[in-house]
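According to TrEMBL, the features are:
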type	residues	note
REPEAT	150-184	repeat 'PPR'
REPEAT	212-246	repeat 'PPR'
REPEAT	346-380	repeat 'PPR'
REPEAT	417-451	repeat 'PPR'
Amino acid sequence: MRAPPVGGGFNSPWTLAVRAAADQGRPRRAIAFYLSSLRASHRPCPFALAAVLKSVPRLPAHAALPAAASLHAHLLRLGLLSHSYPHAALANAYSRLLPAHRHVRVLLDGAPALHHHSLLVSSNSLLASRLRAGDIPAARALFDTMPARDVVSWNSMVAGLAKAGHLDEAIELFDQMPERNAASWNALVCGFIAQGQLARARELFERMPIRNNVSWITMISGYTKAGDVQAAADLFERMESKDLYAWNAMIACYAQNGCAREALGIFNKMLKPHVWVLPNEKTFSSVISACSQLGDLRFGLWVESFMGSVGIELDDHLRTALVDLYTKSGRMDRAFDLFRGLRRRDLVSYSAMIVGCGMHGKLSEAVGLFKEMSDAKIDPNAVTFVGLLSAYSHAGLMEEARACFASMSTKYTINPSVEHYTIMVDLLGRSGKLDEAFQLIMQMPMRPHASVWGALLLACRLHNNVELGEVVASKCFELEPEETGYYILLGNIYAQAQKWEKVKRLRRIMTERGLSKMPGSSWVHVA
């Protein structure tokens, strides 16, 4: 086949488009751009081919290996297999897609003779594949026998050792490096963070002679996982040049740590005309999560519309995030539409739907989804059972709830959490089984939270059980002494039972403790 007449290089528009799509994690788009360049009669560019191959492992499992094989054949046909960049990218793709290292070694050995640089690039790919597989001894053996090593080789080995927890060995190797770049320091910082040593990571970060955005984002992500939002925000403010990935890291930090308003605030700042950074799928995933936490359907609807206006396609991850938003907002029809449109339904999407059905009293739908999930051989988790138990509780189905609660530990080896106990206590209490609810709390393997006692106190108020109400209220006062709602509930129990002296005494206690009644709450007036 004769090559197309028009050439292209590393910085040609088509190559830049392919590389950008690959860097953004959009393999289908990268492949589409490359094919479009061929249809436009551009000469196949080895750099574009390397970028396409780099993105192939991101394709769905059933498509990735056939795509790699097709591109392998394409390289052979064009005589580009000996070019260092596509050759290394192909070795890297196979090392990710094929479990055994021999396939990569066969590729290296079977390729046309490579010059020194090409051999180094390919050896680095093999080293990276062994490190990804967690085979540290094999990786170290290869590293030690490499005829030549560059900064990439050293960085890979340091990062692999650090990530695997061999910090002393990683530091020793780092100290021996003939040259270092920002990635060298980042590798060690990542290792400290992976081992939970944030203080040492920060100390190293502050000592870095040169930092790139990856350095800052690595530290921000470390603080995100540790829940130290303020430290992450301080670093973000120190950054002079913030790219999309930095904004995404900070938005995700807020969203993942329950600071939903701050997440939306920084998202809005990112869109200001004087800043304007175009969001991507990762941005919107965090923003939708923040909307879900706030129950802000209005902003969520705008976000979904805005995604369409900037060309973001709804992948399964974004669809699942929207499912969570719509279920929490009561838009179950829209949630079901999105759910049914998923290419692959997983534990997260099923659980989000079941929780939504449970919250809104859709018992038959929740049970149906659970059966569908079981038929698909997807094991439930603790969140799934929050939804199921909520559905049974809404319907007042005591026996079904009991059986469901028991199956968590006996059938699925899931330890019930405080949330599961709270749902059961609430159901038992509302059904008048106050003693059974009290015994269930006393049998909890963890210390009962105020939410559990509060559910039982509500039930005591509903059934006017003064004796148990006093016991339960004392537990609530102990756990949350500043919460006036518990005093008001106990006061209402006393008032219903016409125990006016106890009502007066409770009021005196509240006054002495500087507690005022909640707006909108009142006890029966005592003349």
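Cβ atoms here come from the backbone N, Cα and C positions, even for glycine.
Nobody curates TrEMBL annotations by hand; they come from automatic prediction.
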Residue counts (helix, strand, coil, in that order) that DSSP gives for the repeat 'PPR' (212-246): 27 helix, 0 strand, 8 coil
Residues in the repeat 'PPR' (150-184) grouped by DSSP into helix, strand and remaining coil: 26 helix, 0 strand, 9 coil
DSSP-derived helix, strand and coil totals, residue by residue, for the repeat 'PPR' (346-380): 26 helix, 0 strand, 9 coil
Per-state residue totals over the repeat 'PPR' (417-451) - DSSP helix, strand, coil: 24 helix, 0 strand, 11 coil
